[in-house]
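Since the structure comes first, as structure tokens, the remarks are kept for the end.
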Amino acid sequence: GCLDIGKTCKDDCECCGCGNVCYCPFDWFGGSWQPFGCSCAYGLKYVCAHKQKKCPNV
């Protein structure tokens with residue numbers, strides 16, 4: 001299976017669909033940027049080519 005938008009992920013290949021990426025925003029916390037956690041988000045069209053090369057299941 002694959003992960004829908006908004007689900008927690010570790011890698012682009014886990015996210016459903018060709019155009020969705022695993023996005024890891026950074027948050028300003030305690031005087032430094034900290035990873036806020038990754039979730040599937042809609043990427044741009046160029047993501048598709050990247051995922052087709054990288055991910056066997058796309």
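Every residue, even glycine, has its Cβ placed from backbone N, Cα and C.
Residues or ranges marked as disulfide bond by Swiss-Prot: C2-C16 (among others). When other Cβ atoms within 10 Å of the Cβ of C16 (disulfide bond) are tallied across all protein chains shown, the result is 15.
Look at Swiss-Prot and you will find C9-C22 (among others) tagged as disulfide bond, backed by a curator's inference. In the three-state DSSP scheme, C22 (disulfide bond) falls into the strand class. Counting Cβ atoms from all protein chains shown, C22 (disulfide bond) has 19 others lying within 10 Å of its own Cβ.
Per Swiss-Prot, disulfide bond is recorded for C15-C40 (among others). In the three-state DSSP scheme, C15 (disulfide bond) is classed as strand. For C15 (disulfide bond), the number of other Cβ atoms no farther than 10 Å from its own Cβ, over all displayed protein chains, is 28.
Taken from Swiss-Prot, the feature disulfide bond covers C24-C38 (among others), and the record attributes it to a curator's inference. When secondary structure is read from DSSP and collapsed to three states, C38 (disulfide bond) falls in the coil class.
Here Swiss-Prot flags C48-C55 (among others) as disulfide bond. Note: C48 (disulfide bond) has non-local neighbours C18, G19, V58, i.e. same-chain residues 6+ apart with C-beta under 8 A of its own C-beta.
Burial estimate for the disulfide-bonded residues (C40, C55): highest at C40, by number of other CB atoms within 10 Å.
Proximity note: of the listed disulfide-bonded residues (C2, C9, C15, C16, C22, C55), C9, C22 have a CA within 10 Å of the CA of C38 (disulfide bond), given in sequence order.
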